[in-house]
Amino acid sequence: MDTQAQAEPKPEEVPSNETEEERKKKIDDWLPITGSRNAKWWYAAFHNVTAMVGAGVLSLPYAMSHLGWGPGTVILVLSWVITLYTLWQMVEMHEMIPGKRLDRYHELGQAAFGEKLGLYIVVPQQLICEVGVDIVYMVTGGKSLQKIYNLACGDCKNIKLTYFIMIFASPHFILAHCPNFNSISVVSLAAAVMSLSYSTIAWGAAADKGRQPGVSYASVASTPTGGVFNFLGALGEVAFAYAGHNVVLEIQATIPSSPERPSKVPMWRGVVVAYIVVALCYFPVALVGYYIFGNKVEDNIMLSLEKPVWLVIVANAFVVIHVIGSYQLFAMPVFDMMESTLVKKLNFKPSFKLRFITRTVYVALTMFIGITFPFFGALLSFFGGFAFAPTTYFLPCIIWLAIVKPKKFSLSWFINWICIILGVMLMILGPIGGLRNIIVHAKDFKFYN
């Protein structure tokens, strides 16, 4: 009897592997990145616009005032071309390994550098970018709400920025519980439309205002050293403007794929449309804004416009709507990392309760950091330079050389090495300007403003 009883479970040992596969599939279907794979190419278009065109576009005329006409125009165009090329590489490498989809940036890193090293190289940089951007957007959203309040009600009681950040964070405590990328598609579409709208308002209102009397394009720095540091800081601002690569693979993971029609086809179509929109946002704002105001342009072109008041209020409202969508887009890969770790490594059961707690804590944490450090954007220009430049400008090129292995001294080999050299220079030089900017303005930084 005992022998027979011990022998009974043996038939159950056979399907155990199937059960494990089913468990893995169940987890993948629950996780936000792989939970839905029915996106269309236009989803990729507006997701990429939302990720790429941040409120940083409004600071591009200010960056131009430190770069000058020649270098500024070259750097803007070169950044557009290089980042489009590296984005194409990432789209191509998504399914470069037969029978496998590299759904996350760190999975691409693991394919190139190995399981552990790939994680160590990619994940810290990706988290700095995504969490950093979310904190900056908390502050940006709060400041835009404060600007609307001050303009609409000039005689009203002054309200601290802290409360506006808390107001901005409120919808995120609800939106954060959308399960995956496709479930925030409406929010992302609204954000993409808003980014194009406030960019158009910025350069259109500037053009309508006309070239200002006495406008000058000379450097505002009082010393040559100051001019150099301002130039380096502007490089970091341009790098920050092209920071959408950190969510590209995660967006492509939502698109269905088959041998006859791989996901790279609709994804690339979406990327091309997105980059046309990026060009329509970035170049007119940067060039028209700089032409109209010259070296007297504010670090946010909306501050230079001032009037008409109603138009500035509308533009700031558009900024608020846009950063709400962008926050969710950059938060989704972070949610995926947290939930993957909890379920796969720590063996938590996939559930609404787990997701509710982790995402609520994340939103609360980014809100708290934004309230504590309302000058976080200035810090990110320094720390972010170490992460934005690699993940956008040259890490895809290094991975391409490791996986594709183009022939030495071929055109592809040269292009990748040129991008790597330029990207490394940007990574080194950008934070220098950011650090100097922090030192100069440290006296103005106030906690819990």
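Note that Cβ sites are derived from N, Cα and C of the backbone, with glycine treated the same way.
If you look up TrEMBL, you'll see 38-433 marked as domain 'Amino acid transporter transmembrane'.
Taken from TrEMBL, the feature region 'Disordered' applies to 1-26.
Annotation comment: TrEMBL describes 41-63 (among others) as transmembrane segment. Listed as Cβ neighbours of the transmembrane segment (41-63) (distance under 8 Å, sequence separation of 6 or more from its ends, same chain) are residues 72, 76, 133, 137, 140, 144, 181-182, 185, 188-189, 191-193, 195-196, 198-199, 202, 234, 237-238, 240-244, 246-248, 251-252, 254-255, 266-267, 269-271, 273-275, 277-278, 281-282, 285-286, 288-290, 293, 297-302, 304, 319, 322-323, 325-326, 329-330.
Residues or ranges marked as transmembrane segment in TrEMBL: 69-88 (among others).
Per TrEMBL, the feature transmembrane segment maps to 271-293 (among others). If you look at the transmembrane segment (271-293), the same-chain residues 6 or more away from its ends with a CB under 8 A from one of its CBs are 42, 44-49, 52-53, 57-58, 60-61, 63-65, 69, 72-73, 76, 80, 84, 87-88, 91, 192, 195-196, 199-200, 202-203, 206-207, 209-212, 215, 217, 241, 248, 301, 304.
According to TrEMBL, the feature transmembrane segment maps to 313-335 (among others). Away from its own ends, the transmembrane segment (313-335) comes close to residues 32-33, 47, 50-51, 53-55, 58, 104-105, 126-127, 129-131, 133-134, 137-138, 140-141, 144-145, 147-148, 151-152, 168, 171-172, 175-176, 178, 180-181, 184, 187-188, 190-192, 194-195, 197-198, 201-202, 205, 246-247, 250, 302, 355, 358-359, 362-363 of its chain (Cβ-Cβ under 8 Å, at least six residues beyond either end).
What TrEMBL lists as transmembrane segment is 356-376 (among others).
Among the features that TrEMBL reports, transmembrane segment is placed at 382-403 (among others).
Under the heading transmembrane segment, TrEMBL lists 415-439 (among others). Sequence-distant contacts of the transmembrane segment (415-439), counting only residues of its own chain at least 6 positions beyond either end whose CB sits under 8 Å from a CB of the stretch, comprise 78, 82, 85-86, 229-236, 239, 378-379, 381-386, 389-390, 392-395, 397-398, 400-401, 406.
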